[in-house]
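Each remark here refers to the structure printed beneath this line.
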Amino acid sequence: MDDAAVLKRRGYLLGINLGEGSYAKVKSAYSERLKFNVAIKIIDRKKAPADFLEKFLPREIEILAMLNHCSIIKTYEIFETSHGKVYIVMELAVQGDLLELIKTRGALHEDEARKKFHQLSLAIKYCHDLDVVHRDLKCDNLLLDKDFNIKLSDFSFSKRCLRDDSGRMALSKTFCGSPAYAAPEVLQGIPYQPKVYDIWSLGVILYIMVCGSMPYDDSNIKKMLRIQKEHRVNFPRSKHLTGECKDLIYHMLQPDVNRRLHIDEILSHCWMQPKARGSPSVAINKEGESSRGTEPLWTPEPGSDKKSATKLEPEGEAQPQAQPETKPEGTAMQMSRQSEILGFPSKPSTMETEEGPPQQPPETRAQ
C-alpha cells in the first residue's frame, strides 16, 4: 500500500513534497480530523541505516511525544505500519524558516530579533528544564508560523540527558549538528556538556539574526576553531548594534564552557528585557526592582579592519558551501538544504567590522 493510501485511511489527504532523502521524506497533507494542513515525515525502516534506527529515531520519537510548547513545532500523531514505514504528523510552518527570511530580507532589526530570540530561548529553557537537549540548533531548524513566530523543529539529534548518582549531567560524545553552528569543544571531538553546546548555537543564531552573516567562516575548520578559542567575535559596523546585543552574543560565544552563559542567564540579560521607546536599557531582577544590566556595554576597538565572516544577506553573488552537514539522512526536510542555505558567500566578505571583547571584564553574568 502506498503512502497516499495509508494516509487516506488515517484521514490525511496527501499534498506536495516538502523534502526527500534516501530513506525519508516530508510531505504536506490535509487532516480531515483537524481541518487544516499538516506536515508528515515518512521514514522507511527498510532503507534506513542501523545506527539511525537503533539510536536516533527512538530518541526523536520519545522526545517529540513529550514536548508541548508554543514555540516548538507540535506533533499531532506518530504511527507505524507493518510494512516498516514510520509516519510523524506535525504542525506545518507556512512561512518557511528563519534562514529563508534572512536570506530574503537581510538582517533583522534588534527589536524583531529580540522577540524571535526570546521565543527561541523560552523553547530551549523548556527543553533544558526537562533535561532534553536539541544539539542541532540552526536557523533552518527555526520554522515560522503564519505570524512569523518561531517554531523550533527537527529533534533528530535530540536526547534526554542522563545524570550520575551524584546528579551531575553525563557528557555527550557524538558529533551533532552543522560545523558552522558547532561549539569548539564539539569540533575538537572531546566529550561535551550538551546543554552548554546548545547555548553556543544560540549565540551563532542571534549573530545571524542581527548581522545577516555567519560569525565564523567554516570553510577552514582548523582556522575557525583557532579564532573561536581566542574568543574573537567581529561585528559589522554598518549594523550599528547596541552594546547590550553584542555583549549577549559575546558571552554565548564563550569558548570556556565553565564561563558560557546558561539559558536562565540569557533570559535575564539586559538586552532580552522589553525596551521602552527612547529609554535606556533596564534589567528587571527577580524581586521586581529595575537596575542597570550587570553586563558591561560592548565597546568596539577603534580602527579595526577585520573582515566579517560568511555573509548571508542578499547583497552579493552566492558561492557554494564546501563543508558538508553531518545530520543523519533520516531528517529529510533539512537534509539537502545546507548547501542551499549556506550557498551565500562562504568566504569572508570585505566590510568594516568591530571586534570584541568588551574593554571591561567580559565575564560578569546577568543576574
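Using N, Cα and C of the backbone, Cβ positions are placed for all residues, glycine too.
Per Swiss-Prot, domain 'Protein kinase' is recorded for 12-272, and the stated evidence type is sequence analysis.
What Swiss-Prot records for Leu18, Gly19, Glu20, Gly21, Ser22, Tyr23, Ala24, Lys25, Val26, Lys41 is ATP binding site. According to DSSP, Leu18 (ATP binding site) is assigned to a strand segment.
Here Swiss-Prot flags Asp136 as active site, proton acceptor. The 10 Å shell around the Cβ of Asp136 (active site, proton acceptor) contains 26 further Cβ atoms across the protein chains shown. The DSSP secondary structure for Asp136 (active site, proton acceptor) is coil.
As annotated by Swiss-Prot, region 'Disordered' applies to 276-367.
The compositional bias 'Basic and acidic residues' annotation in Swiss-Prot covers 303-314.
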Seminar exercise, completed: Whole-Å Cα distance, Glu20 (ATP binding site) to Asp136 (active site, proton acceptor), is 19
Exercise. Which site among Leu18, Val26 has the most other CB atoms no more than 10 Å from its CB, taking these as binding-site residues?
Worked result: Val26
Exercise. Widest Cα span across the ATP binders Leu18, Gly19, Glu20, Gly21, Ser22, Tyr23, Ala24, Lys25, Val26, Lys41, in Å?
Worked result: 14
